[in-house]
Amino acid sequence: MTALIRIRGARTHNLKNLDLDLPRNTLIVITGLSGSGKSSLAFDTIYAEGQRRYVESLSAYARQFLSVMEKPDLDQIEGLSPAISIEQKSTSHNPRSTVGTITEIYDYLRLLYARVGQPRCPDHHYPLEAQTVSQMVDHVLTLDPEQRYMLLAPVVRERKGEHTQVFEQLRAQGFVRVRVDGELYEIDVVPTLTLRQKHTIEAVIDRFRPREDIKQRLAESFETALKLGNGMASVQTLDTTTTTPHLFSSKYSCPVCDYSLPELEPRLFSFNAPMGACPACNGLGVTEFFDPAKVVIHPDLSLSAGAVRGWDRRNAYYFQLIASLAKHYTFDIDASWESLPEEIRHTILFGSGDEQINFIYLTEAGGRTKRKHRFEGIVPNLERRYRETESAAVREELAKYVSTRTCPECGGTRLNRAARNVFVADRTLPELTVLPINDALEFFKTLRLPGWRGEIAIKIVKEIGERLGFLVDVGLDYLTLERKADTLSGGEAQRIRLASQIGAGLVGVMYVLDEPSIGLHQRDNERLLGTLTRLRDLGNTVIVVEHDEDAIRQADHILDIGPGAGVHGGEICAQGSLEQIMAAPRSLTGQYLSGRRRIEIPKQRHPPNATKMLHLRGACGNNLKGVNLDIPEGLFTCITGVSGSGKSTLINDTLFTLAANEINGASHPIAPYASVDGLELFDKVVDIDQSPIGRTPRSNPATYTGMFTPLRELFAQVPEARARGYSPGRFSFNVRGGRCEACEGDGLIKVEMHFLPDVYVPCDVCHGKRYNRETLEIRYKGYNINDVLEMTVEDALKLFEAVPAIARKLETLVDVGLSYLKLGQSATTLSGGEAQRVKLSKELSRRDTGRTLYILDEPTTGLHFYDIEALLAVLHKLRDAGNTVIVIEHNLDVIKTADWVIDLGPEGGGRGGEILVAGTPEAVAAHPHSHTGHFLAKLLPPKDVSNCGHRDPGEEVDIAQTVHR
């Protein structure tokens, strides 16, 4: 087998005819500026060709079920293995996918519970075990030999009637004593039972003291009792009838209520199968309901003024119902909703129950008619309309009032009652899936089951333990197996897939990874790199697109692509060992690694103003432990902490949702908190995350940033366009008029090829230009609208520098390092980091008031050291304008330049959720329990770290505020 992957003439996207040789079975890191062509080489060339060749080796029938990659633009490639790509893209948007199901650990857990689980009665908690007569006798012989006992057979359980026939049958069979409702009687003197009351009748089969010499007698007595009691029997002391009886069953059922289960099988524990799913929520764990908080959109207004949309004066039909209600219950329809009595509000929302109300209806002729009936209620009315309508538009409108809540039937466990009551070592399956992965691993390490159960469990437990161990190795010990897949970050999803691949144990495969260190704290980096080297040591080629310094330093072979981004990139600046990269004169990466170039620490940090702070008190969502957060206004604040410590819950789920609802008038669900103070300092809140800017190829940077509108208006002002009467709409590829109708403005036509990949061919009418010939005849400075969309941001800025409305938006795209993007580049081709920076540029182009609260979640994703330097300049510029910038970040270069750092921890999951320290980076670096501080100290001058706890009189306060320790 060849020892090299040979690539010749790679021209995918912006790659400039690259020729290179990569060593196989090594850890290769591809680095370079954002947009320089790293992903084009790793994913769109090497992975695409490896995958394509493997799939093409399959039969034509099999190929039609697989997505075949497009053939990359290159001359030759040799030495490829079958390729597996592990990307950042979110794992699944399916609400049924969880960490357990993705990793297949849940499948092993289902098998474990089906084979060795101990079912119990949900009501009486007795194990469902079919006992033999010998087992029953052996159990009785362990009882106190000094006590007297009686053996009972239940004949009637909790049934109404006098039961005279039962007593006659028992008498005829030779029984002399019975126990009725807990009282012992001779069978001839049983009192007459009350006809309409429930009674329990048990026949006394035997009375004894437990001794070895009565073993045979006991066995015969038990056989009689089981026959009479339909497989049930009980033993009770004769001296004190208040003690709990010993219950026995020869059937697989509860000895008290006869509850039974069919044989356990893995399907019973699957929330995706009808056999195991909770019937109330169909295995989703949540139910939808019309939320009164969303129905009453303006509680400060009156019903007549629009407290409930659609039920005010403007809607005559529904308002006449409210008017009749007001008359019946004597409340004022002009009083605010908040001031109405609770019972009145409940009646309006949920109906009048059985109470009949006189309603006055207006007829079409203008008259009035009276009718008496119950009031349905606003919420039941919405539910009925949602259920009965066949209109998608009506459903979409009504869905605005719907919220989700934990299923009241299963408590969010997704499983039905039977599956929730099967135990392994006194734990149910839902109890295991809510444990953090490191605790679950500990449970399985110490799990010892007796007898045959232990023998069966040993192999299953080994598989579960290994897979849990892999998740811990990639830094995901804080996750739980029941965590929904659609709540995972890109980095978490990628590392889960990485753990699954290690579990597969394949050899001779080529793995291509996209920034696996995203969202990972420096502390966990070592474990991740250990995982990558383990994959390599198995005999695989591991190709990683990465910017993390530790990963670059640990690579066997480094490839630096550049020198710039977009059209300025696509070349190999340097390749080889770490030393070769550091010595290469053209390598920007080498300059940062060698220390010749670095991101500087600010000479002076902006001090916080104690009188201008945003105070959030008692935040306790997910794993937060009543956190009290203080954010200084007008500063650049970093939120740090190990993965799973609660950063996203505190900032995204609590602070942002709260501020957006209060300031922007949004209606996000807010994680629980006690109080908030200081929101009046801000007039706008902006959250810039990494979700895509558009999910269709028609969305692009020009449309998203709002630049396309002034661009179309500019073309409509060209003399030729005015002469023809063209409006700005003529230059849109989304509406009829100016677009090419053959391809409906796509520029491409999809040709389905079945077992080959779908081919997109340029439209043969417009030749891929999206517009019709007449529209393309309109030119501005010699360029038509298609030429402009094909331009890079950099080139477009030169063309439109005299048009402020367009130039301002282009300048901000350049500021955030996106000068290489084409204006019309499809949004679906942008990486998460690029999408986030497009959003940032959109916000930057708006006129800010200096009172905006910006929240960014890991903005350095996908960024090279050089890009980070440019991003920091933008963030500091926002701060200098008086705005408040909050960044959730692991990157130490960003943290060291912050004015204020708030570090959460100390660990992830249940062992996190507290603020360890809040202060300057120097203060955090000096904190003994902060993992962030430990790594940060290495980047800060030693004197700062040692002196951070001391200050001269009058010096600004920058010492750490230590909380919860």
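We count from 1, first residue shown onward.
The backbone N, Cα and C atoms fix where each Cβ goes, and this holds for glycine too.
The feature zinc finger, as given by Swiss-Prot for the ranges 254-281, 422-449, 870-897, sits at 254-281. Feature zinc finger, per Swiss-Prot, maps to range 740-766 of the set 308-334, 740-766.
Note on the zinc finger (254-281): DSSP counts are 4 helix, 2 strand, 22 coil.
Summarising the environment of SER645 (ATP binding site), the number of other Cβ atoms within 10 Å of its Cβ, over all protein chains shown, is 30. Outside the zinc finger (740-766), and at least 6 residues removed from its termini, the chain residues within Cβ reach (under 8 Å) are 60-64, 67-70, 697-698, 732-734, 772-773. The DSSP secondary structure for LYS38 (ATP binding site) is helix. Applying DSSP to the zinc finger (740-766) sorts its residues as follows: 0 helix, 8 strand, 19 coil. Between the binding-site residues LYS38, LYS647, the minimum number of other C-beta atoms within 10 Å of a residue's C-beta occurs at LYS647. LYS647 (ATP binding site) falls within a helical segment according to DSSP.
Under the three-state DSSP scheme, GLY32 (ATP binding site) falls in the strand class. In this model, the domain 'ABC transporter 2' (608-937) carries an average pLDDT of 92. Take the binding-site residues SER34, SER36, SER643: by the count of other Cβ atoms within 10 Å of each Cβ, the lowest one is SER643.
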